[in-house]
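Participant: What follows is a structure written as structure tokens; I'll ask about it next.
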Amino acid sequence: MPAYKRILLKLSGEALMGDDAYGINRATIVRMVREVQEVTKLGCEVAVVIGGGNIFRGVAGGSVGMDRATADYMGMLATVMNSLALADTMRQEGMTARVMSAIAIDQVVEPYVRPKALQYLEEGKVVVFAAGTGNPFFTTDTAAALRGAEIGAEVVLKATKVDGVYTADPKKDPTATRYSKISFDEAISRNLQVLDATAFALCRDQKLPIKVFSIFKEGALKRVVMGEDEGTLVHV
Ligand code: UDP
């Protein structure tokens, strides 16, 4: 039995790059989709928020003199591209996925409408939330916290390159150990970066736990959903 009935999975755009320097790596996206498929087979309802960092980030545009809000809209459009690629790969793998966008772009994807998203999830479809929160100056981490709270997900799963939150940077400090669990308050007092500050505050206010784990570790997503000791759980 899965530990969660409904999850919000946050994938970074970079996770789609694989070993490439930019864009979407085919083998990587297929592998990731298969990991998601495994958990849907367990009967877990899955919503996904995907970033856009493999294509464009607002800060990058801002740093070369672009108007920041315009650059952020470009970043949000990048997440739409990733969402389309993800849903298309899901379809090819025999899953049913729906993309819902926070920005009106009706000829391409349907708009985000909460009751409809809930209906899709109840029908066992994977819902991919595109265009972040729809607002500049936010991130897809915040979109994950927001949508997670809106759909009543039991947990936000933050997929990263590292398999959890560590006492120190494991690349620099060989004695660093992984927290199996940590409270929101302790994560703050130890100054641990779990999600960006806005996203973290939203999860904390809504008492929505966060699980940080590595999407590059085979089967990790399934172990997380089964409630095994994988990654780090940030709890109330
Ligand atoms: N973005 C935004 N508002 C949002 C979500 C995203 O403006 O609610 C923009 C922002 O410019 C960001 C880009 O979209 O840099 C891509 O998202 P993010 O950096 O969160 O992607 P990730 O790092 O997860 O790949």
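Note: Cβ is positioned from N, Cα and C throughout, glycine not excepted.
These figures come from a predicted structure and were not determined experimentally.
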Participant: Need a hand: TrEMBL gives K10, L11, S12, G13, G53, R57, Y166, D169 for ATP, which of T160, T175 is also on that list?
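Facilitator: The one candidate that TrEMBL places in that ATP site: T160.
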Participant: Given TrEMBL annotates D72, T133, G134, N135, P136, F137, F138, T139, T140 as UMP-binding, which of G43, G52, G94, G164 belongs to that site as well?
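Facilitator: UMP site check in TrEMBL: besides D72, T133, G134, N135, P136, F137, F138, T139, T140, the record includes G52 out of G43, G52, G94, G164.
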Participant: Pick from T133, N135: which of these binding-site residues has the biggest number of other Cβ atoms within 10 Å of its Cβ?
Facilitator: T133
Participant: For D169 (ATP binding site) and F137 (UMP binding site), what Cα-Cα distance in Å is obtained after rounding to a whole number?
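Facilitator: So the alpha carbons of D169 (ATP binding site) and F137 (UMP binding site) sit roughly 27 Å from each other.
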Participant: With every protein chain in view, what's the tally of Cβ atoms within 10 Å of the Cβ of D169 (ATP binding site), excluding that atom itself?
Facilitator: 9
